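As recorded in TrEMBL, the features of this protein are as follows:
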- 7-25: transmembrane segment (TRANSMEM)
- 37-58: transmembrane segment (TRANSMEM)
- 79-103: transmembrane segment (TRANSMEM)
- 115-134: transmembrane segment (TRANSMEM)
- 141-164: transmembrane segment (TRANSMEM)
- 176-195: transmembrane segment (TRANSMEM)
- 215-235: transmembrane segment (TRANSMEM)
- 255-275: transmembrane segment (TRANSMEM)
Amino acid sequence: HMWYGVATLVGTIIGVGIFGLPYAAARSGFFVQLSYLGIFAIIFTLLHLMFGEVMLRTTQRYRLSGYIGLYFGEGAKKIILAITIISFFGGMLAYILVGGSFLRALTGGIFGSLSAYYIIFWAAMSIVVALGLSMIKRAEIVMLAFMIAIVALIFFFSIPHVQWDYFMKNNWGDIFFPYGITMFALAGVSAIPAVREIMRGDERKMKKAIIMGTLIPVALYTVFVFAVLGVAGSATSEDAFSGLHGILGAFVESAGAVFGILAVATSYIIFGLYLRDTLWYDFNIPRKVAIGVVV
């Protein structure tokens, strides 16, 4: 149960945010970016643990809007619901666009236009969301294993090309540039309810799962930033991978596309599950109707 919980949290945290981290490091400096990762790792570990503690100490099953309503009233609950719907549906739409683009890059466009790939990605993710947590927890751990393997491969192929002086450059004029990117890349509050459900009956290990699930992305981010920045330096691209093509070759494009699909898919699945459960638990909308709304 614990490793399913860890994989679910890691898979949710690692999303499109990872692709902006090397560029942020190139703008501000490697050690500036590492400092942001360290600070936000502490902050989000505490936030995730706090939310987990609220869930463990409340007998009713809710999501964030439900807990807000329970402890702060209906007005606050409606505000959080509005924020949740706008941000999560907006995020899922963005993931469909990004995921479809990665899928098209990987397959060479054999299925036609980008719109076709958006539909394919949406349909595949909708099936997983509809199947529920039992399917999701298994999918997350498999996808996590693939993501770790891809980061390891990128690191391995990058090492011979690393220029160590790239890590010594700092631009204090852009010291705040990594702030929003890093914060977005480490947020995983939406996965805590899924972790709680996965670990039901094994709650004593939930704290450990949350800590590991928050810190593993930090380790992967550090390795990824090191590999990309060490090779590309100031030529690091905003999407991380295109700046590596001339040095590492076509391999990096395929690896980047696979990694991108996995990173986006894991986050999309948990976003969908969280929205479904918000409608189901917090607003008593029937489960099948909630699934239909999310899909």
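Heads up, the Cβ atoms here are built off N, Cα and C, so glycines get one too.
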Top partner of the transmembrane segment (79-103) among 7-25, 37-58, 141-164, 176-195, 215-235 - counted as Cβ pairs under 8 Å: 7-25
Contacting positions for the transmembrane segment (7-25) when only residues 6+ beyond its ends and CB under 8 Å are counted: 32-33, 48, 94-95, 98, 136-137, 140-141, 143-144, 147, 177-178, 181-182, 184-188, 190-192, 194-195, 198, 209-210, 213-214, 216-217, 220-221, 224-225, 228-229, 232, 236-241, 260, 263-264, 266-267, 269-271
Which of 141-164, 176-195, 255-275 contacts the transmembrane segment (215-235) most, counting Cβ pairs under 8 Å: 141-164
Recorded stretches the transmembrane segment (176-195) and the transmembrane segment (255-275) touching, at least 3 CB pairs under 8 Å: yes
Long-range environment of the transmembrane segment (141-164) - Cβ separation under 8 angstroms, sequence gap at least 6: 3-4, 7, 10-11, 14, 220, 223-224, 226-228, 230-231, 233, 244, 247-248, 251-252, 255, 258-259, 262-263, 265-266
